[in-house]
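Enquirer: Quick one: this structure, given as structure tokens, is what I'll be asking you about.
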């Protein structure tokens, strides 16, 4: 029997995932106590119904879940069942907004605020997150994308949405991009701003790019940073992340960060990475 465990944070999209699996013919059950899981699986096995695919929503609402899930999962695997654990996640900001929109209280901690409930739930589920088959970050997903991703995962990877990388340059003077997953500070690189003939131009112009790339420290840095991203991107994909925001910052967001972002964009685009580029602050400070 194929068993999919749907778990993770409250408000992260588990109900949507269950509906997607129901549409694929899975027998779905929500909030089954851990103590009854083994009995339930045995009943399904001996049922007259031809049930081959089961999805169980198991999370912190069942108070014995945290202490008992490991033993139950091992028992299912030992019985010869194919067990996959899909852990659904989202950023605190997104979860807080979703709870605010639905006017729901957080179910994990009675009497606590939503942020307190989220922190408590993250802490309680940390061990489960580490053993998950896939970690699905729904922060940037709509319902359609989430359903498509879940269906792709149960089909062994077919149809899984390709992760989109959003590369952007910015100026620290104007604040960090709040949506950033990764931030790289390139203010240590030689600054074209202090070259009078280059100051009016941007990192999109050849002269500025040649100046930035013409220094050994830039070449060495770029090689190491590219290698790091090439290591990280597959790991983020395996976690089920559909969107990765990489921000490159310099002082004003016009010269160094733009030049470096363009170099990275061209490099990864040639390697068929689904990547987009924006320059948030390139036109600021001109007047």
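Glycine residues also receive a Cβ, built from the backbone N, Cα and C atoms like all the rest.
Swiss-Prot lists these features:
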BINDING   8, 9, 10, 11, 12, 13, 14, 15  ATP binding site
BINDING   59, 60, 61, 62  GTP binding site
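Could you give the neighbours, burial and distances for every feature on this list?
Expert: Less than 8 angstroms from the CB of residue 10 (ATP binding site) sit 59, 60, 95, 106, 107, 108, 117, 118, 121, each of them six or more residues away in the same chain.
Around the Cβ of residue 61 (GTP binding site), the same chain contributes 31, 107, 108, each under 8 angstroms and 6 or more positions distant in sequence.
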Enquirer: If I restrict to non-local contacts, at least six residues apart, and a C-beta distance under 8 angstroms, what lies near residue 9 (ATP binding site) in its own chain?
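Expert: Long-range Cβ contacts: 88, 89, 90, 95, 118, 121, 122, 125.
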Enquirer: Suppose the ATP site is 8, 9, 10, 11, 12, 13, 14, 15. Which further residues of the same chain have a Cβ inside 8 angstroms of that site's Cβ centroid?
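Expert: Going along the sequence, the neighbours come out as 59, 88, 90, 138.
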Enquirer: Count the other Cβ atoms sitting within 10 Å of the Cβ of residue 60 (GTP binding site), across every protein chain shown.
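Expert: Residue 60 (GTP binding site): 20 neighbouring Cβ atoms within 10 Å.
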Enquirer: If you count other C-beta atoms within 10 angstroms, which of the binding-site residues 8, 11, 13 is the most crowded?
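Expert: Output for this query is 8.
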Enquirer: Inside 10 Å of the Cβ of residue 15 (ATP binding site), count up the other Cβ atoms and send me the figure.
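Expert: Around the Cβ of residue 15 (ATP binding site), 13 other Cβ atoms lie within 10 Å.
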